[in-house]
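A.B. asks: Sending over a structure as structure tokens; questions will come in a sec.
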């Protein structure tokens, strides 16, 4: 397998040999940001709830040969098995087919008879932990029923630094606390269904431009390395790492490392982010898998903490791999210590046992590569058996109910001057805009939803699923109006402005539908290369609104979008009587919307991002042109922790609609704030100390002769195997750089299996256990002061007090139901992490001595209750 994998590793080692101070300037004469090295890669120890699964993993891995361990770590290649990623198998020990990994965070990609769930951003708009869990559970059930072992989701990267970032909709919200809670609940739901969840994309994967070299070159950008996201230590901990800590604390089984570089070290071979932050500090017990083709070196990635290579080949279907045979070679010749591969296998099998795959597992009953019933066993090369590859198993169960419920619960009522809810007595209803109707090519007519035709219920890319059906707004509204004896007139061509004007002038209410789309960078739609070119509405949307508003004084605007759009030119027009953001609601789109429009569901959703007046209101623009010659484009996160509402607050800029805003058909009041310290001597912060045990090894390595290709094996072209062609390791590797001295490419300490010091901020999954001790109890009385029953989302923000801190940061929230006139006392607690800052010198969390305050209300800028926090440490 000819590839200079040692050479790549050497370059990686050299790039991290000397940690340097973060530098924001670039150019041929300027130093770039560097990522400090951290070695060796921590070995899993089965802490806490992982103990039993870890014990079982050790038992089975101890029986494995080196080749069998390697088989678990390496995918067999793109389109070589049924799933988008599938490892080798270990049939001798009962793992009769490889572990199947499959997209996506909102449903099963490349499949059929599955559900299409609301996107992550819609879940964030519900602010509902239970709904997040139930969605995760339902998705997990569907993946399990299709024979999938590893669900490639949910996502908290991108977090949302850029409002126009292409994949922000796959995640939840630019707020780390809101994202972290819903991220964790989704993971719990998926794994309670018996499927391994994957927290992705780790980390700082905030834009699509320049994420992959080949992709960027295809768009005409002359770069040779992927983008580097350059961030300081404080921002990393307090913003971007925060939700991943919640994921690890929730027991996530897998973490997917990202395409981008972090401080000029690739995400899947970055020892600082994988070894130190994820495994040593956060105590992650599961396995790290690469994003597809994000694996850039063999030895370098192995020593830096990567545990699984996906899809196994270097480029799709090239038959080459950094691992597979090469990983077997590297262990046999001592380049990679045996304990490192043992740890990879143990981590994979620990996650496998943790979620119960040994009890629930069935073979994949679908093919990602064809909808035909029969096909080649190995699709990429048309080899193996011609066999049944699709069993057409319907896995939808009754999940349409939770999809519809989340769709309605995530529908944000941004403005309402009394137009909503509709009474059902409207005689003439206009439904205007392409976004109300069907895609003329069919709901799944564009591969990976890579177009913007008809209503937008899902964005584009690998984070998608096939719709089993799609209820459009036009269909649902028409059914509702007709059942009420009314008339409905629809114009769904955005170029038919004169026809829209005619309908609007005759309608008692005009419902206008507009959208804005985005997605993954491998698809460009209308010149949007994944990321959006701007924040304007798509397909003449502004002109559609202008036309209708000028002819109808009761215009309701419904926005389906991946994130914020610019609404400043029309939102305050008196003829715009209501504005709804419906996000990406999935297959029940129209039904969910009608439930809210007609008052069957009282809206309770809150916007999970800020609506600014201009794109400039959000701060730093996307990096859309290379700024480092043909080297890695440098994306400096100079705004630090100040993104979204934190940025608006810092600039004292008033948004159109603030983070957390959302109206209801009733009203709520807040009163009687109470704050009580809970700290005692037993709750004092205790930095973790001590050291690990030595790196364990399991089983014997054997010799090269033990790992020759088995006699009689019919080798599949380009399939990634763990075996050797020859007992001559150099010949088996077929690497032109084989034989380099270790000192040329092995970082210092990378193979040290002796006991290692524990980090002060570590000690358990999620970080130091005392970070999660409750220090303060806060309560407030919430009253439904209106005439309609409904849910309210109380939000608690903290002012951390420091001179360079955000004005407020969200820390707690809930969603509570109140009948008209009913009062409830909402009680929550603040733990040490909620009140702490990351100290870059101490490398630990500290509660500063600056005075702190707590604020409670209905949004980030409607906080009627506030009080000083007692001093706790």
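Positions of Cβ are set from backbone N, Cα and C atoms, glycine also.
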A.B. asks: According to Swiss-Prot, which stretch among 629-662, 663-696, 697-730, 731-764 corresponds to the feature region 'Disordered'?
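C.D. replies: In Swiss-Prot, residues 731-764 carry the label region 'Disordered'.
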A.B. asks: Compare the C-alpha of residue 553 (N-linked glycosylation site) with the C-alpha of each of the glycosylation sites 71, 534, 575, 725, and give the closest one.
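C.D. replies: Ranked by Cα distance from residue 553 (N-linked glycosylation site), first place goes to 575.
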A.B. asks: Considering only the glycosylation sites 71, 453, 575, which residue has the minimal Cα-Cα separation from residue 534 (N-linked glycosylation site)?
C.D. replies: 453
A.B. asks: What is the separation, in Å, between the Cα atoms of residue 365 (N-linked glycosylation site) and residue 575 (N-linked glycosylation site)?
C.D. replies: 53
A.B. asks: Look at each of the glycosylation sites, 263, 365, and point out the one with the fewest other Cβ atoms around it within 10 Å.
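C.D. replies: Relative to the other glycosylation sites in 263, 365, 365 has the fewest Cβ atoms within 10 Å.
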A.B. asks: Which of the three DSSP-derived classes (helix, strand, coil) applies to residue 326 (N-linked glycosylation site)?
C.D. replies: helix
A.B. asks: Note down the number of other Cβ atoms within 10 Å of the Cβ of residue 222 (N-linked glycosylation site), including every protein chain shown.
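C.D. replies: Around the Cβ of residue 222 (N-linked glycosylation site), 9 other Cβ atoms lie within 10 Å.
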A.B. asks: For the glycosylation sites 71, 333, which one has the sparsest Cβ surroundings, going by other Cβ atoms within 10 Å?
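C.D. replies: Each of the glycosylation sites 71, 333 was scored by Cβ atoms within 10 Å; lowest is 333.
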A.B. asks: Could you tell me how many residues in the region 'Disordered' (731-764) are helical, how many are strand and how many are coil under DSSP?
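C.D. replies: Output for the region 'Disordered' (731-764) reads 6 helix, 1 strand, 27 coil.
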A.B. asks: Where the distance is taken from Cα to Cα, which of the glycosylation sites 71, 222, 263, 326, 453 turns out closest to residue 333 (N-linked glycosylation site)?
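C.D. replies: Checking each of 71, 222, 263, 326, 453 against residue 333 (N-linked glycosylation site), the shortest Cα distance is to 326.
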A.B. asks: In angstrom units, rounded to an integer, how far apart are the Cα atoms of residue 71 (N-linked glycosylation site) and residue 222 (N-linked glycosylation site)?
C.D. replies: 36
